[in-house]
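A.B. asks: Here's the feature list from TrEMBL:
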ACT_SITE  B:Cys73  active site, proton donor/acceptor
ACT_SITE  B:Cys184  active site, proton donor/acceptor
BINDING   B:Asp10, B:Ser11, B:Tyr42, B:Gly43, B:Asn74, B:Thr75, B:Thr185, B:His186  substrate binding site
Protein chains: 2
Amino acid sequence: MDKRPIGIFDSGVGGLTVVKQVMKVMPHENIVYFGDTARLPYGSKSKEAVTKFSKQNVRFLLTKEVKAIIVACNTASSNSLEELHKAFDVPIFGVVDAGVAEALRTTQNKKIGVIGTAGTVRSRAYEKMILRQEATMEVFSKACPLFVPLAEEGWTENEVARLTAENYLEGLLAKGIDSLVLGCTHYPLLKRCIGTVVGENVKLVDPAKATAKQVKLFLQEKGITNLEEKTGERTFYLSDYTDMFYSICQKALKQGYHPEIMDIEQF
Amino acid sequence: MDKRPIGIFDSGVGGLTVVKQVMKVMPHENIVYFGDTARLPYGSKSKEAVTKFSKQNVRFLLTKEVKAIIVACNTASSNSLEELHKAFDVPIFGVVDAGVAEALRTTQNKKIGVIGTAGTVRSRAYEKMILRQEATMEVFSKACPLFVPLAEEGWTENEVARLTAENYLEGLLAKGIDSLVLGCTHYPLLKRCIGTVVGENVKLVDPAKATAKQVKLFLQEKGITNLEEKTGERTFYLSDYTDMFYSICQKALKQGYHPEIMDIEQF
């Protein structure tokens, strides 16, 4: 029995799709979320910058006495997770590991597509980890930098979104993939559009779901689940004020929260 | 006669379109450019964050002994110029002032459109300054957050760019504007696409050009022009490494430069 919260950090507000899955799978756990809205996006930035930012984010969450941390941001998981494991003792989970496991369970023809930010694709983290576990797999990756601003603009189902998805995905489809990893926390917001473009025969893999299940199992094994009956408390911190928090909150969590603004450069 | 460089800062690499105009109008001046690539974009962030970042950028440029500073970023010019004038003694020029003067010279029917980032449009800086100088003007503004990622993706003339421009601009066209201010340094990279959508009867106003002319005049009046015969030296600093520097450099300046990476959070 352990009431300490689970810490979740993301480059901004996309990580709320991970919060959604954690709330669903572990409704009684307390959650502290940090979104680095002052320095978002991480996807176009270097490994060094992303790792520096991620360490500051972990140091901040540690002040909230978290019992485990989820790196909701795919770019940070891909580029910085190893460094974070070296630097800190707290258990830290990235979305990539669980996403890989789910993709391996999903594919039938061993051809997996991965879409993400430029930083995630450049890191080749998904590809390397999939091949380490199953060398016979074929992995095809594509950076889709316009998907995040489209999701944030709320253009998730219009003609611009459809054409953009077609432009980005036609190369992957030509390779004959049968599963597609949504390797960025914003992409589930475009799920319907992406699903229409790839068709029914390509299964979409959402690493957030798999991550939530993995963390639940870990807490059970360690005996540090929160056994209280009541719904967990959720606290949100951002490094800069943004209207987008509210709109993505409504879309992802179907309810509003008030974030507290703090200065991450102090950590 | 004053060999000290002109300092130019931007949230990232879009400000290279301002460097282009300064090089054209004042080829003998030395230039020190700083692009805040670690924290870009500014366009979606709060006035407080943008002002804090801008002050750090000015403090860094002052270590390079600049004789004047151009705030190439429209978001920073719109939100933070007043604060910068209060905090520092060095002459600081924003792109908004010159852009406004040029728009007033361009319009015939007194209906001016302004496009920019969410932060620039929210600040209403263009609108307020135009109306202060000519109360009979009508100003119509529209935030176009997808234009920057489109320009950075190199999608400047495809179908997605055209549809996005149509979506964003149809409301302004319906108002009968005859001139359109490109209120973000990236937008000149989309000039052809935007020009096609608005048609020949709407003149595009580029604040970068007007700013370069304004600064040239200022240096002449103060007698601090660099009178050397040789082409000025151009030095580039970024707060994070990005491939985009090279592609935008080629597009805007038609030549390559090597940027130095430094840590802006120290300033």
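Backbone N, Cα and C define each Cβ position, glycine as well.
Unlike curated records, TrEMBL annotations are generated automatically.
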A.B. asks: Counting every protein chain present, what is the number of Cβ atoms, excluding its own, within 10 Å of the Cβ of B:Cys73 (active site, proton donor/acceptor)?
C.D. replies: 35
A.B. asks: Tell me the Cα distance separating B:Cys184 (active site, proton donor/acceptor) from B:Asn74 (substrate binding site), rounded to the nearest angstrom.
C.D. replies: 5
A.B. asks: Please give me the CB contact count at 10 A for B:Ser11 (substrate binding site), counting all chains in the structure.
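C.D. replies: 31, counting other Cβ atoms within 10 Å of B:Ser11 (substrate binding site).
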A.B. asks: Provide, as an integer number of angstrom, the distance between the C-alpha atoms of B:Thr185 (substrate binding site) and B:Cys73 (active site, proton donor/acceptor).
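C.D. replies: B:Cys73 (active site, proton donor/acceptor) has its Cα 6 Å from the Cα of B:Thr185 (substrate binding site).
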A.B. asks: Around B:Gly43 (substrate binding site), how many other CB atoms lie within 10 A of its CB?
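C.D. replies: Looking across every protein chain shown, the total is 27.
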A.B. asks: Including all protein chains shown, what's the count of other C-beta atoms within 10 A of the C-beta of B:Thr75 (substrate binding site)?
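C.D. replies: Total other Cβ atoms inside 10 Å, all chains included: 31.
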A.B. asks: Could you say whether, by DSSP, B:His186 (substrate binding site) belongs to a helix, a strand or a coil region?
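C.D. replies: DSSP call for B:His186 (substrate binding site): coil, neither helix nor strand.
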A.B. asks: For each of the binding-site residues (B:Asn74, B:Thr185), count the other CB atoms lying within 10 A of its CB, then report the residue with the highest count.
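C.D. replies: Counting every other Cβ within 10 Å of each candidate, the maximum falls on B:Asn74.
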A.B. asks: Quick check: of the binding-site residues listed here (B:Asp10, B:Tyr42, B:Thr75), which one has the Cα closest to that of B:Cys184 (active site, proton donor/acceptor)?
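C.D. replies: Checked the binding-site residues B:Asp10, B:Tyr42, B:Thr75; minimum Cα distance to B:Cys184 (active site, proton donor/acceptor) goes to B:Thr75.
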A.B. asks: When you average the Cβ positions of B:Asp10, B:Ser11, B:Tyr42, B:Gly43, B:Asn74, B:Thr75, B:Thr185, B:His186 for the substrate site, which other residues in that chain have a Cβ within 8 Å of that mean position?
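C.D. replies: My list of surrounding residues reads B:Gly12, B:Gly14, B:Gly15, B:Leu40, B:Pro41, B:Ala72, B:Cys73, B:Ala76, B:Thr117, B:Thr120, B:Val148, B:Cys184.
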A.B. asks: Round to the nearest Å and give the CA-to-CA distance linking B:Cys73 (active site, proton donor/acceptor) with B:Gly43 (substrate binding site).
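C.D. replies: Cα-Cα distance, B:Cys73 (active site, proton donor/acceptor) to B:Gly43 (substrate binding site): 9 Å.
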A.B. asks: Return the residues near B:Tyr42 (substrate binding site), defined as same-chain residues 6+ apart in sequence whose C-beta is under 8 angstroms from its C-beta, sorted by sequence, else 'none'.
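C.D. replies: Those within reach of B:Tyr42 (substrate binding site), by Cβ under 8 Å and sequence separation of 6 or more, are B:Ser11, B:Asp36, B:Ala49, B:Val50, B:Phe53, B:Cys73, B:Thr75, B:Ala76, B:Thr117, B:Gly119.
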